[in-house]
Amino acid sequence: MALQRTHVLLLLLLLTLLGLGLVQPSYGQDRMYQRFLRQHVDPDATGGNDAYCNLMMQRRKMTSHYCKRFNTFIHEDIWNIRSICSTSNIQCKNGQMNCHEGVVKVTDCRETGSSRAPNCRYRAMASTRRVVIACEGNPEVPVHFDK
């Protein structure tokens with residue numbers, strides 16, 4: 001009886017560990033996707049001015065401990081952004097081949113160089129331009145803004 005109980009416990013432990021191994025990668029990818037959304041996606045705005053950058057950088061928690069020097073907000077529907085992941089693979093800045101490019105409306109926010117966290121100040125530049133994003137998963141989702 002004790003031997004049978006031990007086998008059942010070992011089997012449950014094995015299944016639990018196996019399950020954790022399968023869940024972790026998708027959880028990590030989901031975290032990276034959520035971070036990408038928080039840092040780079042603002043579909044309802046047109047952006048384009050310094051006040052927008054100052055507010056959004058603070059609101060999206062990129063000025064808490066230090067002033068993030070540069071960030072880009074994409075002003076497109078998330079499905080339009082995700083569709084970039086279905087374009088041909090190109091090489092990322094880090095050498096990996098999981099990047100894709102597309103043309104989108106953006107606001108680039110550049111730190112002025114004279115501010116200190118949490119009161120960071122930014123200069124805005126709105127444009128429609130080519131962007132490169134890294135995508136991962138199945139289906140692929142954006143996880144990193146490359147350039």
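Quick reminder: no glycine exception, Cβ is built from N, Cα and C everywhere.
Quantities reported herein were computed from a predicted structural model and do not represent experimental measurements.
Per Swiss-Prot, active site, proton acceptor is recorded for HIS40, and the stated evidence type is similarity to another entry. Neighbour list (HIS40 (active site, proton acceptor), Cβ cut-off 8 Å, at least 6 residues apart, same chain): ASN71, THR72, PHE73, ILE74, PRO142, PHE145.
For HIS144 (active site, proton donor), the Cβ neighbour count at a 10 Å cut-off comes to 21, with all displayed protein chains included. For HIS144, the entry in Swiss-Prot reads active site, proton donor, with the evidence type similarity to another entry.
Of all Cβ atoms in the protein chains displayed, 18 besides its own lie within 10 Å of the Cβ of LYS68 (dUMP binding site). Residues annotated as dUMP binding site in Swiss-Prot: ARG35, HIS40, LYS68, ASN71, THR72, PHE145.
Annotated disulfide bond per Swiss-Prot: CYS53-CYS109 (among others), in sequence order, evidence recorded as experimental evidence. There are 24 other Cβ atoms within 10 Å of the Cβ belonging to CYS109 (disulfide bond).
Contacts of CYS120 (disulfide bond) defined by a Cβ separation under 8 A and a same-chain sequence distance of 6+ are given as ASN54, MET57, GLN58, THR63, CYS67, LYS68, GLU111, in order along the sequence. According to DSSP, CYS120 (disulfide bond) sits in a coil region rather than a helix or strand. Swiss-Prot lists CYS67-CYS120 (among others) with the feature disulfide bond.
What Swiss-Prot lists as disulfide bond is CYS85-CYS135 (among others). The Cβ of CYS135 (disulfide bond) lies under 8 Å from the Cβ of ILE84, CYS85, ASN98, CYS99, HIS100, VAL141, PRO142, VAL143, each of which sits 6+ residues away along the same chain.
Marked as disulfide bond by Swiss-Prot on the basis of experimental evidence: CYS92-CYS99 (among others). DSSP assigns CYS99 (disulfide bond) to a strand segment in the three-state reduction.
A C-beta separation below 8 Å, combined with a sequence spacing of at least six in one chain, links GLN29 (pyrrolidone carboxylic acid) to GLU136, GLY137, VAL141, VAL143. For GLN29, the entry in Swiss-Prot reads pyrrolidone carboxylic acid.
The annotation signal peptide is assigned in Swiss-Prot to 1-28 on the grounds of experimental evidence.
Taking every pair among ARG35, HIS40, LYS68, ASN71, THR72, PHE145, the residues recorded as binding dUMP, the greatest CA to CA distance is 15 Å. Using HIS144 (active site, proton donor) as the reference Cα, a 10 A cut-off selects ARG35 from the recorded positions ARG35, CYS53, CYS109.
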